[in-house]
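Enquirer: Supplied in structure tokens, the structure appears directly below.
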């Protein structure tokens, strides 16, 4: 049976209380039922607030910007019908019918 | 006193740790698991390792970060699980972290901004349990959602000092992934849990809209399609990648993508049919949803489990992966020699990784060595 071994640390740190327990040391402590040094017990609850109002517009993703740049000029007009996007970038309304699961 | 035997060691119950009879909650896919059968649905199977790979540091030369020194923030006592750039504010980064590797103790959400000398901690929020993933809102620059080991999701507001605003507790085990929808007109969050379910949330509603069942083991990753509204992917310890359709309220495709636990998946940003998976077998595989009988690419090089993988927001064939081998690797799957660069600037498991949405060259990562880094890897700064 193999047991977790202590990973090497380059230097034994003169450390703050909560740090410096390696994963293996921690597993060993848990396994032995020993106290874990620096364990922080917190009991945090929701404050049930509303989010601060957004002030920034959504930025287009890089791939959306690229698709827009490649679209014909009329598509840049605001309020017109949506332009035909690049074939690979179309926002399909459903998953493509060409998708097949294994065994289907 | 409950004793739980797990792959070669037993753990006594201890009320202050997360080991409470359901098995120790160890991180998935730890080294030594590669040849085993499917791991049980707990963070089990840690067989330990010593020496190999450990103690390595970025030593300059080929693998050094050449595009400029990394900005580093050290967070004593916190182990990073996920890093995500803000979709609104250039350089702002959120990091989900846990005390004691996520096995015991609390968690912290860290909000960072770059400054002249490196990285500045803008705000931090504590939670009662380890935080494993974080996602930014796509309709409010102040808002984020995290998920945690106690089965809950938390909604945070960076403009407030206190939080969380809301807590959503429905999952019955660890929640390992959250993702905010990327397609316009939808503001939905998916969460993936070790209870084997995916849940769909409207953050303005106090309870989940829908629960997706089907995975036969724990779920490690849930990611929305950047192109197809209502479509998301999930990766699981059951060795499958699954594609789901919210409108049909069910699974569309089941892909047996690896013969190992799959810890991460992501969508290509320039091909709506293409995904990548990263697994405990150390490999990355690309999947074209029009023909999933075999992968369209396989990327080999990591020496331990791949913990997270992401496609570049700027380049159709570039992706990055981080691993329990401490490295972050950059790939271009369209090249004959796809490995672009190996970054070795961490000294522990590297779990969090993200590309900037504003700078085509900037990347962030976080590790269990208690550091968070933002940097410009050479392979992204030098045109190929």
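Glycine is treated like the rest: Cβ placed from N, Cα and C.
Positions annotated as repeat 'WD' by TrEMBL: B:168-211, B:212-247, B:255-291, B:299-341.
Thinking about packing and proximity, how do these listed features fit into the structure?
Expert: Beyond its flanks by at least six residues, the repeat 'WD' (B:168-211) meets 22, 25, 41-43, 132-139, 143, 145-155, 217-230, 232, 234, 236, 244, 246, 249 of its own chain at Cβ-Cβ distances under 8 Å.
Per-class residue totals from DSSP over the repeat 'WD' (B:212-247), listed helix then strand then coil: 0 helix, 18 strand, 18 coil.
For the repeat 'WD' (B:255-291), the DSSP counts in helix, strand and coil order read 0 helix, 19 strand, 18 coil.
Model confidence over the repeat 'WD' (B:299-341) is summarised by a mean pLDDT of 97.
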Enquirer: If we skip the immediate neighbours and take only residues 6+ beyond the ends of the repeat 'WD' (B:255-291), which ones have a Cβ under 8 Å from one of its Cβ atoms?
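Expert: Those are 28-29, 33-34, 38-39, 217, 220-221, 223-228, 233-237, 239-243, 297-313, 316, 319, 321, 323, 325, 331, 333, in sequence order.
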Enquirer: Would you kindly list the residues that approach the repeat 'WD' (B:299-341) from elsewhere in its chain, counting only those six or more residues past its ends and only Cβ-Cβ distances under 8 Å?
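Expert: Residues 28-31, 33-34, 53, 56, 63, 82, 261, 263-271, 276-286, 347-357, 360, 363, 365, 367, 377-380, 384.
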